[in-house]
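In TrEMBL this protein carries:
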| type | residues | note |
| --- | --- | --- |
| COILED | 149-197 | coiled coil |
| REGION | 244-263 | region 'Disordered' |
| COMPBIAS | 244-260 | compositional bias 'Polar residues' |
| COILED | 469-496 | coiled coil |
| REGION | 693-723 | region 'Disordered' |
| COMPBIAS | 709-723 | compositional bias 'Basic and acidic residues' |
| REGION | 776-924 | region 'Disordered' |
| COMPBIAS | 832-858 | compositional bias 'Pro residues' |
| COMPBIAS | 871-904 | compositional bias 'Pro residues' |
| COMPBIAS | 905-924 | compositional bias 'Basic and acidic residues' |
């Protein structure tokens with residue numbers, strides 16, 4: 001629609017048409033998502049791609065008001081229009097249906113356009129009068145009232161006309177709104193019809209797919225039936241061919257076996273005749289050899305008697321000897337004893353090696369501990385006053401004594417190690433000599449065993465000769481047994497042939513029954529095929545009924561003008577339906593044709609099978625005739641078997657005669673072999689006696705060596721026992737000495753600690769006197785002083801615990817410092833302690849070394865009592881405690897704890913390293 005066609009419409013009606021013109025001139029992908037609102041809110045539409053059909057439907061006119069109905073397009077846009085397609089070249093041109101719009105406007109719009117030119121001059125005149133009145137205010141005169149009344153009348157007429165026109169426009173708008181609502185209702189009805197058509201199309205497609213599936217199922221059923229029938233026919237043919245081939249093969253095998261048996265019987269008869277002639281010749285030769293062997297046997301018996309007498313004389317001369325088995329057992333026992341001794345010596349050597357390594361590890365650890373202690377002493381001992389050199393001298397002397405003791409122990413360990421090494425080397429030499437002797441004895445024993453094996457092999461050779469003669473006799477017996485087996489196998493094969501013929505007859509009957517069952521199955525298969533055809537026809541009828549119902553439904557409903565794409569799709573569906581109908585008809589014809597072909601083929605195969613059955617019956621008759629001929633041959637073979645049994649009896653008699661002759665010859669040969677073996681036995685006895693003499697000498701020398709080894713072993717055990725006793729005594733002595741040294745060290749350390757605490761106490765008291773004199777008020781207000789002190793302790797000094805002071809002072813008070821009231825109540829004075837030393841591992845413990853004691857009432861450590869403290873502790877009323885196994889002083893009190901490590905106890909019997917570092921709990 002051109003823009004000049006929209007000028008005559010009112011603003012409310014022309015706005016949607018202009019908007020549609022603007023949207024129609026653009027391609028679909030350029031349409032904005034929503035259009036601007038028009039003057040009427042009800043005519044506003046959101047212009048989206050989904051609402052294009054609504055806009056086109058709104059443009060259709062109703063029957064009451066003649067709207068512009070486009071002739072080229074129906075207003076429905078097919079779904080294929082929204083697919084990706086190349087854009088048209090004339091995208092901004094007017095749509096095709098604009099040319100079909102009539103240029104003549106409706107009568108209502110013509111009245112409006114005709115009335116507007118009449119109203120324009122009046123409005124222009126009124127405006128000119130008003131402007132003239134405004135522009136010429138000075139001309140007012142007597143005619144002002146007339147002009148004013150005229151102007152008012154004109155204005156009133158103009159207003160009344162405009163009011164009438166507004167009412168008429170409102171009526172037109174109402175009519176247009178009603179028509180638009182009717183159009184909406186119609187469009188909604190058309191949309192519902194389209195949806196129904198779409199559903200009908202989907203249902204038609206689903207039915208078409210169902211028909212296709214049914215057709216495919218019928219095709220599959222047909223194929224399965226064809227395959228089943230072909231499979232049955234192939235199986236029948238295969239079974240028939242297999243049975244034919246098996247029967248023919250069995251017949252041929254039976255014929256070949258019979259012919260081979262006949263040939264074998266002929267060959268065996270010929271071989272028996274030739275063997276009988278050869279045996280007769282061998283019998284004559286054996287008789288001659290038997291005479292010669294008898295003469296040799298008599299000579300051998302005489303020689304044997306002479307040898308027996310000689311052996312008896314030698315036995316009387318030599319005496320009864322020990323059998324070689326007993327001697328070999330004694331040798332083995334002695335050899336085992338020697339090996340056990342060697343193994344024990346090796347174990348002792350390994351143990352000594354391990355002890356030596358452990359002792360070396362202990363020495364290295366002791367050296368390392370001493371070095372660490374020396375470094376710790378050098379680090380801790382720092383000169384603080386003038387008396388430090390004496391203390392360092394005492395420490396160095398104590399360390400020197402400790403090093404001397406360790407050095408003495410190391411020298412002793414080294415001496416023991418050297419002595420042990422010499423013993424081990426001596427034992428190694430003895431073991432090597434014993435091993436060489438054992439090797440020599442084993443070689444001699446191996447030589448004697450080889451000679452015995454040689455003689456046993458000669459005896460076995462003679463036995464094998466005797467066995468060969470026995471094998472020849474067994475062969476003759478086996479030949480006779482084999483002939484009997486041949487006759488038995490011939491009878492069995494004849495029975496097998498009869499059984500095979502009967503089984504073939506039964507198989508033939510079963511195949512005929514199978515063919516009859518197959519022929520009975522053909523009608524059932526044909527009925528199944530006809531049932532499938534009827535199902536196809538029923539499906540076609542149902543499809544035709546549904547299509548007719550759909551056509552009637554479409555004819556009953558007024559079809560709105562559809563889009564070209566929908567009509568094309570309907571045409572395609574109809575073509576597809578026609579094609580499916582034709583395919584169903586063709587498939588039905590094909591199924592019928594194939595069923596007919598299958599029936600014809602089944603009939604032809606049945607005829608062929610009947611022909612084959614006739615041929616098999618003919619072959620069965622032939623086989624029966626051949627079996628009759630075979631029976632005749634079997635009777636002939638039985639007659640030949642009887643003759644062969646008679647010949648076998650005669651051969652048995654000859655064989656018994658030959659066995660007697662062979663027995664005599666064998667006895668003669670055995671006698672000769674006995675004589676030869678007796679000579680060899682005498683030679684072996686002579687050699688054995690010589691070996692026994694040498695063995696006796698070797699046994700005597702071995703026993704002497706064994707006695708010497710036992711003596712050496714006893715001597716070594718005695719030496720080891722003495723060394724162990726000496727080591728134990730030395731260990732006890734060293735432990736006693738170490739206990740004494742430990743006691744002296746503890747006493748000395750107790751005195752040093754006590755004197756150091758007193759000097760520290762005096763120094764702290766001197767420091768505390770000055771601030772107590774300056775500030776007596778503060779001392780009164782402050783808390784109770786620490787027990788054991790008579791002056792105020794500075795805040796920088798921390799008091800020690802009661803337990804440490806008890807351990808140092810031995811639960812007693814120092815004579816030079818009487819306790820205060822708090823100290824009397826406790827019974828154990830508490831001495832103040834100096835500030836903590838930086839780097840001290842045990843800050844709560846008492847100091848190791850203090851300043852040397854000043855001259856005063858303190859006593860030297862030699863004058864201390866046995867308890868190690870001063871003053872002496874009063875006797876306790878507590879019950880005696882049981883002594884501990886690891887307590888060096890079971891009767892006395894425990895020494896005070898001190899970080900100085902005790903001397904390690906060297907345990908020569910154990911292989912564990914001593915624990916040289918004391919536990920940390922001792923210092924707490």
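Cβ atoms are placed via backbone N, Cα and C, with glycine included.
Keep in mind it's a predicted model, so treat the numbers as computed, not measured.
For the compositional bias 'Polar residues' (244-260), the DSSP-based tally of helix, strand and coil residues reads 17 helix, 0 strand, 0 coil. Beyond the ends of the compositional bias 'Polar residues' (244-260), by six or more residues, the same chain brings 490, 493, 496-497, 500, 504, 616, 619, 623, 626, 630, 633 to within a C-beta distance below 8 angstroms of the stretch. The helix, strand and coil residue counts that DSSP assigns across the compositional bias 'Basic and acidic residues' (709-723) are 15 helix, 0 strand, 0 coil. Residues belonging to the coiled coil (149-197) score a mean pLDDT of 82 in the model.
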